[in-house]
Amino acid sequence: MEKNINEYIDHTLLKRDVLTKEIDQAVNDAIKYKFKGLCIAPFWISHVSKILHENNVLVVTVIGFPYGQQSMKTKAFEAKKAIKDGVDELDFIINASKLHEKDQDYLKKELSLLRKVTKNKTIKLIIETGLLNKEEKELATTLGVEAGFNFIKTSTAVNTTGATAEDVKLMKKIINGRAKIKASGGIRNLKQAQELIKAGADRIGTSNGIDIIRGLEGKSDY
């Protein structure tokens, strides 16, 4: 690895009943361990953005979480509000229904809109690899890259199994240097993280970042 493991990690806290004190602890942990970013729900962006920016930690959020079934206009509105609140990077969930139906016209229109409204922000497309066959993984990755997304991301871990080295390798081959890869979902220990980075992941999304740094086994699937 070219960087220390902490520099790959988007520390993640997306559980549905998270409390303010837990968000504050996650902020402190992200700063203490010098994680690349902290990924939280849009509701919390304005609460964390100032202190994270002061400490060089990226503010990361999810849009269309967790199923990607919102209309494209709703996703665009949510993204614009997140940017106003101080987000640095936005992770969008693809509409898996339209992907299964191979409705490329809809997907291209949605992804183009999301790229347009986010302007120069870093955006990631979550394709939910665990829901897809090989052809669908290839299509989703290709559409994301062609739409100008900066990263293609494996999964949310809410709907499916998480990241695998096999999927990362496939995505890397398709991307061919045109974007980066974020591996997320079910990453619980240092060995897993290192295997995914070796396979081609540029970023690791996990709520087990502290355990990974300490060489322990985390318990969360996020």
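Using N, Cα and C of the backbone, Cβ positions are placed for all residues, glycine too.
Curation plays no part in TrEMBL annotations; they are all automatic predictions.
These features come from TrEMBL:
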- Asp91: active site, proton donor/acceptor (ACT_SITE)
- Lys153: active site, schiff-base intermediate with acetaldehyde (ACT_SITE)
- Lys182: active site, proton donor/acceptor (ACT_SITE)
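Features per TrEMBL, on structure.
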residue	record	Cβ neighbours (10 Å)
Asp91	active site, proton donor/acceptor	25
Lys153	active site, schiff-base intermediate with acetaldehyde	30
Lys182	active site, proton donor/acceptor	29
Conformational class of the residue listed as 'active site, schiff-base intermediate with acetaldehyde' under the three-state DSSP mapping:
strand
Residue pair the residue listed as 'active site, schiff-base intermediate with acetaldehyde', Asp91 (active site, proton donor/acceptor) - Cα distance, angstrom, rounded:
8
Which whole-number value in Å describes the distance between the Cα atoms of Lys182 (active site, proton donor/acceptor) and Asp91 (active site, proton donor/acceptor)?
10
